[in-house]
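Engineer: Mind having a look at this structure? Questions to follow.
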Amino acid sequence: MLLICYQIDKFREVSDLGETMPELTLVDGSGVRRDLPAKLTWQVIVCTVISACGGLMFGYDIGISGGVTGMDMFLEKFFPEVYVKKHQAKANNYCKFNSQLLQLFTSSLYLAAIVACFIGSICCKKRGRKPTMQIASVFFLVGAILNAAALNIGMLIAGRLCLGAGIGFGNQAVPLFISEIAPARYRGGLNLCFQLLITIGILTANVINYATSKLHPYGWRISLGGAACPALLLLLGSLMIVETPTSLIERGKNEEGLYTLKKIRGVDNVDKEYEEISQAVEFSRQIRHPFKNLWKQSGRPQLVCGALIQIFQQFTGISVVMLYAPVLFQTMGLGENASLMSAIMTNTVKPIGTAFAIVVVDRFGRRALLIEAAIQMFISLGAIGVILAVHLHSTNVVAKHYAVLVIVLVCVFLAGFAWSWGPLGWLIPSEIFPIETRSAGFSVAVIMNFVFTFLVAQTFLTMLCHMRAGTFFLYCAMLAVMCLFAKYFLPETKGIPIDEMVERVWKQHWFWKRYYKDHDTGKGGLEIQDKPKENTIA
C-alpha cells in the first residue's frame with residue numbers, strides 16, 4: 001500500500017506544478033484541438049487504492065489455493081487419495097497430484113466467476129460500478145467463511161463458488177471504475193494499481209500459507225478464512241468512494257455527475273469533458289443490445305483484441321506457475337515447507353515488477369512491454385522445460401542446484417509477466433471499448449480470462465502427468481504467437497483519452513481501419529459519417 005502511495009505521489013508532483021494541467025482533448029468543428037483541464041487529485045488516488053482492493057481479493061485467492069493444495073493436513077481431510085499417492089515412495093513425480101477433484105477445487109471458482117462477470121456487466125450499467133464492487137465484497141466474504149468452516153468437499157466447493165462470484169463482480173467493476181475516474185495521462189499507471197494489489201495479495205497469501213502450514217491440524221482453515229480480510233477492506237472502503245461521473249450520467253444523475261467530475265478533476269472548468277461524456281452516454285442509450293452490437297463490423301477490432309489479450313494472459317502459463325507453484329516445487333523433490341518458502345521467494349518478484357510497470361507504462365507504452373516480456377518469458381519457460389525433461393524422471397529427485405535454477409527461472413518468468421501481460425491484460429481491455437459497449441465488451445474479455453483460467457487450472461495436473469515437460473514447451477509456442485500479435489495487431493493506446501480511441505487508434509491502425517470503411521461509426525459511434533477532421537469529439 002505504501003508502494004502505491006509512493007508511485008502516486010510521484011504522479012502528483014507532476015500535476016501540482018501548475019494550477020491545472022492539459023489533460024483530455026477535444027477537436028472542434030474547425031479541426032482545432034482544445035485542452036481539457038484536469039489535475040491528479042487525492043480523491044482519484046483514494047478511490048483508486050480502495051477499489052484496487054478488489055485485486056487484493058483476487059490475488060489472495062490465487063496464492064492461497066496453490067498453497068493449501070500442497071498441505072498434507074488439507075489433502076488428508078479432503079483428498080485422501082492424493083495424500084496417499086504423494087507419500088508413496090515410487091509414485092510418478094509428474095502424476096503425484098493428478099486428481100480431477102483436486103483440480104476442481106481450484107478451478108470451480110472460475111466457473112462461478114464466468115456467470116458473475118456477465119451479471120456484473122449488467123449490474124455495472126444499471127446500478128453503477130460502486131454497488132457492483134460492494135456486491136463482490138459480500139460474495140467474497142461469504143465464500144471465505146464457508147471455506148474456513150468447511151466440513152466436507154461439498155461445503156468447500158460451495159465456498160469456492162461464492163469466492164468466484166465475488167471475483168467475477170469485482171474484476172468486472174474495478175478496472176472500469178479506475179479507467180473512468182483517472183486522467184488520461186495517468187490512466188495506465190493508476191489502473192495497474194489493480195494488478196499491483198493482485199501481486200501483493202498473492203505474496204501475502206504465500207506468507208500466510210508458510211506460517212499456517214505448521215499449525216496442525218487447522219492451519220488450512222486460517223489460510224482460507226483469511227480471504228475475509230481483503231473483502232472487508234473493499235466493503236468498508238467502498239462506502240467512502242465516489243461513483244464515476246460516466247456511471248452517474250449514464251443513469252440520469254447529471255447534476256451529481258457534474259459535481260463528481262469537478263471533485264475528481266480538482267477544477268471547476270470541466271464543461272467540455274462533461275459535454276463529451278454526456279454525448280457519449282446519449283449515444284449509448286440508443287444501443288438497446290450492447291452485447292449484440294459488439295459483433296457488428298465496427299465493434300470487432302476491440303472485441304477481438306480485448307478477448308485475445310485476456311486469453312493470451314492465461315496462455316503465458318502464469319496460472320500454471322501461480323496456482324501450482326508449491327506443487328511444482330514438491331514435484332521436483334523439495335519438501336512441503338521448502339516449497340512454500342520457494343513460492344514466497346518467487347512471488348516477491350511480482351509486486352516489484354508491477355511497480356516498475358506503473359512507472360513506465362505511460363512512458364514507453366503498452367506494446368513495447370508486451371513484446372519484450374513475451375521474449376523473456378519464452379526463454380525462461382523453455383529453460384524450465386529443458387531442465388525438467390533432462391533431469392526430472394518418473395521417480396528420481398532433481399539435484400538441488402537444478403531445483404534452485406528452476407526457482408531463479410520462475411522469478412525471471414514472473415518478473416516479465418508482472419510488468420506486461422499481467423497488468424496490461426486488465427488495463428487494455430478496460431480502455432479500448434467505446435462507452436456504448438464498454439461494460440459489455442469488458443465483460444466478454446474478462447469472461448474469456450475466466451474460461452481459459454478454468455481450462456488451464458482443470459487440466460494442468462493431468463497435462464503434467466501425461467505430457468511431462470512438454471507442457472512447458474506448449475506454453476512457449478503460445479508465447480511466440482503472443483509476441484507476433486502484440487507487434488502487428490495490437491494498437492498503442494498510451495495517453496489517448498478513453499473516449500477518443502476509435503478515431504485516434506482503431507481508424508489509424510494498418511489492419512483494423514478496414515473495419516470502419518463505409519460504415520456509420522464515428523468515435524465510439526458518436527458520429528454518423530466517418531469524417532475525423534470534422535468530428536466534434538475525437
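Every residue gets a Cβ built from N, Cα and C, even glycine.
TrEMBL annotations: computationally assigned, not manually curated.
The transmembrane segment annotation in TrEMBL covers 40-60, 101-123, 135-151, 157-178, 190-212, 218-242, 303-327, 339-361, 368-390, 402-428, 440-460, 472-490. What TrEMBL records for 47-494 is domain 'Major facilitator superfamily (MFS) profile'.
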Engineer: What parts of the chain pack near the transmembrane segment (218-242), using Cβ distances under 8 Å and only residues at least 6 beyond its ends?
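Structural biologist: Sequence-distant neighbours of the transmembrane segment (218-242): 43, 46-47, 50-51, 53-54, 56-57, 60-61, 64, 67-68, 71, 73-74, 130, 133-134, 136-138, 140-141, 143-145, 147-150, 159, 163, 166, 170, 181, 201, 205, 208-209, 211-212, 260, 263-264.
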Engineer: At a C-beta cut-off of under 8 Å, are there same-chain residues at least 6 beyond the transmembrane segment (157-178) that contact it? List them, or none.
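Structural biologist: Sequence-remote neighbours of the transmembrane segment (157-178) are 47-48, 51-52, 54-55, 57-58, 61, 104-105, 108-117, 119-121, 123-124, 129-130, 132-133, 135-147, 150, 187, 190-191, 193-194, 224, 227, 231, 234, 244, 426-427, 429-430, 438-439, 442-443, 446, 449-450.
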Engineer: Pairs 6 or more apart in sequence, C-beta under 8 angstroms, 3 or more of them: is that satisfied by the transmembrane segment (339-361) and the transmembrane segment (472-490)?
Structural biologist: no
Engineer: How about the transmembrane segment (402-428) with the transmembrane segment (40-60) - do they touch, taking at least 3 C-beta pairs under 8 Å (6 or more apart in sequence) as contact?
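Structural biologist: No, these stretches are not in contact.
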Engineer: Apart from its near flanks, which chain residues at least 6 from the ends of the transmembrane segment (101-123) lie with a Cβ under 8 angstroms of it?
Structural biologist: 61, 65-66, 69, 75, 78-79, 82, 131-132, 135-136, 139, 153, 156-157, 160-169, 171-173, 323, 439-440, 442-443, 446-447, 450-451, 453-454, 457-462
Engineer: If we skip the immediate neighbours and take only residues 6+ beyond the ends of the transmembrane segment (472-490), which ones have a Cβ under 8 Å from one of its Cβ atoms?
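Structural biologist: Result: 305, 308-309, 312, 315-317, 320, 366-367, 370-371, 374-375, 377-378, 381-382, 384-385, 388, 421, 428, 463, 511-512.
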Engineer: Same chain, outside the transmembrane segment (368-390) by at least 6, Cβ under 8 Å from its Cβ: which residues?
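Structural biologist: For the transmembrane segment (368-390), the list is 316-317, 332, 357, 360-361, 398, 402, 405-406, 409-410, 412-413, 415-417, 419-421, 424, 468-473, 475-476, 479-480, 482-483, 486-487, 490.
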